[in-house]
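Undergrad: Before I ask anything, here is the structure I am working with.
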Amino acid sequence: MAKSRFEYVRNYELPDPLMPNAFIVVRIDGRGFHKFSDTHSFQKPNDKRALDLMDIAAKTVMTEYKDVILAFGESDEYSFLLRRNTKLYNRRRSKISSSIVSLFTSAYVFHWSHLFPEDPLKYPPSFDSRVIVYPTEKEIRDYFAWRQADTHINNLYNTAFWALVHDGQSTTEANKTLQGTDSKDKNELLFSKYGINYNDLPAMYRKGSICVRSDPRAVSGVQQTDVPVSASASASASAFAETSALSSLSISNGVSKTGTEDHPHETNEILQTRQSEGQKTRSAKKIKPYEGIDGEIVVLHEDIIKDRFWDERPWLTM
Ligand code: GTP
Ligand code: MG
């Protein structure tokens with residue numbers, strides 16, 4: 001087909017690939033949610049329905065995009081981590097960013113009535129989106145730690161702020177009361193004045209929401225992936241070594257007969273090479289590490305700052 005004379009404008013569409021082999025984070029954030037939450041009478045400081053809706057929208061994104069292996073949400077924002085070597089849309093920045101925020105927004109609207117059956121949407125909400133690329137595991141862990149620390153700081157402030165307001169202070173007065181206070185002061189204020197033990201508040205409010213898949217191969221509650229990769233690799237290798245020692249075998253075709261008799265023209269050296277090649281193939285098959293792209297998506301409200309969360313899920317930073 002002949003090209004039209006207008007076709008040249010296509011050349012203005014510049015490629016926008018993201019660096020290979022680096023971690024991609026997409027963060028979406030509700031636009032003008034201060035007003036949106038007021039207009040739709042969200043409970044203060046936290047509305048569980050609104051947070052549940054955010055989690056459902058995030059799960060929708062993860063269900064559609066398997067390469068999103070982790071998501072963290074608080075308030076009106078959600079961060080999505082794509083696996084390091086994702087080939088999604090050839091790693092095109094705009095395509096990845098726009099597709100994720102678009103699906104998130106439509107899922108938010110689609111499920112609105114399930115969470116707010118009595119309160120129809122008064123106008124269409126929207127979310128912005130940005131992409132950040134991080135070079136190493138350290139920055140990824142620090143990124144999610146940063147978001148969870150933010151959740152804690154905001155929630156502690158908001159809890160104290162709304163306690164004061166519900167107690168009769170104006171918003172300006174409550175602001176003033178909290179000026180210059182640190183987290184110990186706020187905890188103290190909540191406990192001594194209102195009998196609120198901050199640590200007893202729902203973990204969802206204090207820790208935010210983590211969406212992550214669980215390893216479907218996990219047996220009786222023990223995840224194979226709980227074992228560090230190197231340990232499981234050596235365990236599989238030695239298990240295989242035992243098997244091969246027992247049958248003293250030819251491995252690749254699965255026919256188990258003793259070596260030298262079946263291969264009269266081959267030296268032991270060649271046989272050993274073959275055996276170790278077979279061993280590699282078998283071991284590699286056995287220990288193919290879980291990549292976090294299949295399995296059930298679970299929503300957790302736990303610590304993402306300490307090592308434990310990451311140690312239990314080595315695939316997140318593979
Ligand atoms: P932009 O993101 O810059 O467009 O501004 P924004 O108005 O969305 O504010 P921002 O993203 O900084 O903060 C989110 C706002 O959403 C909070 O300040 C709250 O006003 C509101 N919000 C989010 N979650 C809740 C909730 O559970 N309850 C209530 N009452 N408000 C919430
Ligand atoms: Mg916002």
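Note: Cβ is positioned from N, Cα and C throughout, glycine not excepted.
Caution: TrEMBL annotation is automatic and unverified by curators.
Keep in mind it's a predicted model, so treat the numbers as computed, not measured.
Found this in TrEMBL, in case it helps:
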BINDING   D29, D76  Mg(2+) 2 binding site
BINDING   D29, G30, R31, G32, F33, H34, S75, D76  GTP binding site
BINDING   D29, G30, D76  Mg(2+) 1 binding site
DOMAIN    6-135  domain 'tRNAHis guanylyltransferase catalytic'
DOMAIN    138-306  domain 'Thg1 C-terminal'
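Give me the local environment of each listed feature.
TA: Under 8 Å, Cβ to Cβ, and six or more positions away along its own chain, D76 (Mg(2+) 2 binding site) finds D29, G30, F33, F36, S37, M54, F127. DSSP assigns D76 (Mg(2+) 2 binding site) to coil in the three-state reduction, placing it in neither a helix nor a strand.
Counting only residues at least six positions away in the same chain, the Cβ atoms of P125, S126, F127, D128 sit under 8 Å from the Cβ of R31 (GTP binding site).
Secondary structure at G30 (GTP binding site), taken from DSSP and collapsed to helix, strand or coil, is strand. Using a 10 Å Cβ-Cβ cutoff, G30 (GTP binding site) registers 20 neighbours.
Here the domain 'tRNAHis guanylyltransferase catalytic' (6-135) has, by DSSP, the following mix of helix, strand and coil residues: 57 helix, 31 strand, 42 coil.
Averaged across the domain 'Thg1 C-terminal' (138-306), pLDDT for the predicted model comes to 73.
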Undergrad: What's the number of neighbouring CB atoms sitting within 10 A of the CB on S75 (GTP binding site)?
TA: 21
Undergrad: Please check the binding-site residues G32, F33, H34, S75 against ligand 2 and give me the ones with CB under 6 A, sequence order.
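TA: From G32, F33, H34, S75, counting a Cβ under 6 Å from ligand 2 as near, the near ones are F33.
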Undergrad: What other residues of the same chain, not counting D29, G30, R31, G32, F33, H34, S75, D76, have a CB atom within 8 A of the CB centroid of the GTP site?
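TA: For the GTP site, the extra neighbours are F36, S37, E77, F127.
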